[in-house]
Amino acid sequence: MNQLSPSTVPAHVAIIMDGNGRWANARGLPRAMGHRKGVEAVREAVRTAADCGISYLTLFAFSSENWNRPQSEVSDLMGLLKTFIRRDLAVLHKQNVRIRIIGDKTNLSGDILPLLLEAEETTRANTGITLVIAFNYGARDEIARAMRALAVDVAAGRLTPGEITPERIAAGLDTADIPDPDLIIRTSGEERLSNFLLWQGAYAELMFVPEFWPDFSRDTFLSALSRYAMRERRFGGLQPAATLAVGS
Ligand code: FPP
């Protein structure tokens, strides 16, 4: 952790927690055990992120496509998320963690929505790390919802098409008041974004680590942050040395 100075710690890290099923398969265990172990990795990741001074940690907990999994696995995942909120909310609140939920909150059945809203409401005024849970989230769906709202404004004459700017689109996304991620990590060796933060991740550093999510330890996280600290981000501009050479 010694290479991590505050100036190189990303403000916002987003993680695609992949590989729970394969972690379980490799041990001859049911997939549900992989998800259960994954929740322990979630706890450790939140602690590590807070200790390192990361301001926002976004976790991809359930995608809008995950409903296509077998019913038993969907209910396992719902059950784990509900248990996490019921058991951990008080501790997270005490640790000054602010919880935000992104994703489509309409048409959610059962008691999941009230729990998610309670987590957001209870921790609204907290000033520590913001834990963003992406639930029923899909980036294309999020962008389509934002576009529909803008189309309504245009149809009602409140906005002209020319006034639709990247800033207005960003303001209509679920992440409106959350800075873009600096670093997106995906575990399990898969190298794709799977419909996660497609707009917000335009300039994010991408990191693909081989560990399955249940094995994503504090050390794995710290080593990813050290590698991030060595990346050079240019946002479409020139690297500082080249800028100097041109100017001198
Ligand atoms: C990917 O593994 C993981 C998920 C689809 C869900 C992640 C959810 C949790 C860790 C638990 C609940 C979340 C919180 C925030 C408490 P996979 O099943 O796709 O693994 P595989 O690719 O090896 O099959």
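Using N, Cα and C of the backbone, Cβ positions are placed for all residues, glycine too.
From a predicted model like this one, the values you see are computed outputs, not experimental measurements.
These come from TrEMBL:
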type	residues	note
ACT_SITE	Asp18	active site
ACT_SITE	Asn66	active site, proton acceptor
BINDING	Asp18, Glu205	Mg(2+) binding site
BINDING	19-23, Arg31, His35, 63-65, Trp67, Arg69, Arg186, 192-194	substrate binding site
The one of Trp23, Trp67 whose CB sees the fewest other CB atoms within 10 Å, among these binding-site residues = Trp67
Request  = For Arg186 (substrate binding site), just give me the three-state DSSP call.
outcome  = strand
Ask   = Where the residue listed as 'active site' and Arg186 (substrate binding site) are concerned, what is their Cα separation in Å, rounded?
value = 7
Ask   = Counting Cβ atoms within 10 Å across all protein chains shown, which of the recorded positions Asp18, Glu205 comes out on top?
value = Asp18
Task = Tell me the Cβ neighbour count for His35 (substrate binding site), meaning other Cβ atoms within 10 Å of its Cβ, over all protein chains shown.
result = 22
Request  = Other Cβ atoms within 10 Å is the metric here; tell me which of the binding-site residues Gly19, Gly21 scores highest.
outcome  = Gly19
Note = Arg186 (substrate binding site), Cβ-centred 10 Å count of other Cβ atoms over all protein chains shown, is 23
Query = Do you know which of the recorded positions Asp18, Gly19, Gly21, His35, Ser64, Trp67 end up with C-beta under 6 Å from ligand 1?
reply = Asp18, Gly19, Gly21, His35
Inquiry  = Tell me the coarse DSSP state (helix, strand, coil) of Glu205 (Mg(2+) binding site).
reply    = strand
Ask   = What three-state secondary structure does DSSP assign to Trp23 (substrate binding site)?
value = helix
